[in-house]
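Taken from TrEMBL, the feature domain 'EXPERA' applies to 21-146, 173-307. Under the heading transmembrane segment, TrEMBL lists 21-41, 72-93, 100-118, 130-151, 172-194.
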Amino acid sequence: MVYDIFNASFNMHCQHTHDSLFPCFVVYAVYAFLSVVNLIIGLEQDNIIDGFVTFYLKEADPHINTAHGHMISYWDGCVHYLMYLLMIAAIAWGDSYRAIGLYWMGSFLMRAIVYILGNAVGKYGTHVGPLFLLHMLYVLLSIWACFRIFSQPSTREVQPTEIQSKSILGRPLDLLFITYLIPAFGFCVFRGLVALDCSSKWCQDYTLQFEPYLKDPSAYPKVQMLVGMLYSGPYYIISLYALLVPGCEWMPDLTLVHSGAISQAQFAHIGASLHTRTPFSYRVPADSQSVVLLVNVLYMLMPQALCYRCCTRPSFFFRPEPEEKNE
């Protein structure tokens, strides 16, 4: 299917494809194929299908067989696959793919950072093999693609008459987001402290009663929470400033990157904390599953809503052009 899309799109619309974007076109087409492979890996790991990649699973690094490895296989095979197809189509038709590219960038960077650091410091740190080095080559190529995405000009156009500088009381939706950002900042810092083995009774009780997965020896959840604290924490503070002070033109792009990162992180975290590959003692307790799911799903969805608000109505974040004086 990917091969057909590649040929049909390129042959029908190659006149709209700039030569400078052709390397990106090829990279995303190859990545789309690899996403399908990852989906097959995830399905075979869960015994939904059998006999497709059995040899690879036996010879691959053991990290892929963890619950976290399952989740990133599903995410890459479904969500990243769709994003690659959208970027391929945009390049072939001569359209901008900067927005979807920034979303993919956040998702990819979060996935790569947690996976690499988790492999290095977790219980499988001594099992790093040649395939892990091949994965590093994939990461380097993806970082090159990230720079290409950032170099694209923004396509947002805002008329000067649309730019408004109302106070926060005149923007009830933004006031709702500000109300969310404050507890979200506290939540990401709190879980980061839990991952650092904070001796506070609150941290210990939270680990025992709600998310014992944070203590999983694979180290992926610990790294996930630390990256969230160091990345999402400052983001929430910056977003508070941008929602209060007009003219922060970087806000829509920042929300795209963060929403992609937090969606990938929360999907992997929620799925792995409930997956049967996670030892029973580290899974979410049955009597607190509803609370944990509600909090984590809201923590994933609210950044998506903020991103949608900033990208569809960005006028507040653009500086008005200075009026020319009539002589």
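Every residue, even glycine, has its Cβ placed from backbone N, Cα and C.
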#### Entry: Recorded stretch that, among 21-41, 130-151, 172-194, has the most CB pairs under 8 Å to the transmembrane segment (100-118)
130-151
### Message
From the DSSP assignment alone, can you count helix, strand and coil residues within the domain 'EXPERA' (21-146)?
### Response
105 helix, 0 strand, 21 coil
### For the domain 'EXPERA' (173-307), residues assigned helix / strand / coil by DSSP
110 helix, 0 strand, 25 coil
### Summary
Averaging pLDDT over all residues of the domain 'EXPERA' (21-146) gives 84
